[in-house]
Amino acid sequence: MTTTLERGFSEEQEALVVKSWNVMKKNSGELGLKFFLKIFEIAPSAQKLFSFLRDSTVPLEQNPKLKPHAVSVFVMTCDSAVQLRKAGKVTVRESNLKKLGATHFRTGVANEHFEVTKFALLETIKEAVPEMWSPAMKNAWGEAYDQLVDAIKSEMKPPSS
């Protein structure tokens, strides 16, 4: 497994991620929902991966379960990115990582889904902090996201019996 430092999450990247997250944090509810709405705009079929959306007739923006889920995913992703350099690895608790891996495996999440999610995340951040956005910031968030996804994928396997 490649470590963070081998993959090159630099001090500069960390600073860009921390600075932008500090600005976005206060709007994490709104941004989390925007993030997921972007995912479903790009890939409407992704809705069927979520049991609480599968048979729902409620508009996405009004679904009572979507916003809390979206916020928790957005905040976990951003918090993980902020901690990446300091910890030298993804800092989601191992039990949570196993649960995330098992859930993503069980629901049939594929590589394409992670790519769509990455694009939606970067677009959400770009819109949230347009005055800070730069190619360097895009690369920093992209690298942090890729490392989180690698950690989740390493746990995407059938439950051990």
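Cβ coordinates are placed from backbone N, Cα and C, and glycine is handled just like the others.
Your range for motif 'Homodimerization', going by Swiss-Prot and the list 98-110, 111-123, 124-136, is 111-123. Among the ranges 1-5, 16-20, 41-45, 151-155, the stretch that Swiss-Prot annotates as motif 'Homodimerization' is 41-45. The helix, strand and coil residue counts that DSSP assigns across the domain 'Globin' (8-157) are 117 helix, 0 strand, 33 coil.
In this structure, of the binding-site residues Ser51, Thr103, the smallest number of CB atoms within 10 A of the CB marks Ser51.
Other Cβ atoms within 10 Å of the Cβ of Lys138 (site 'Homodimerization') number 14 in total over all chains.
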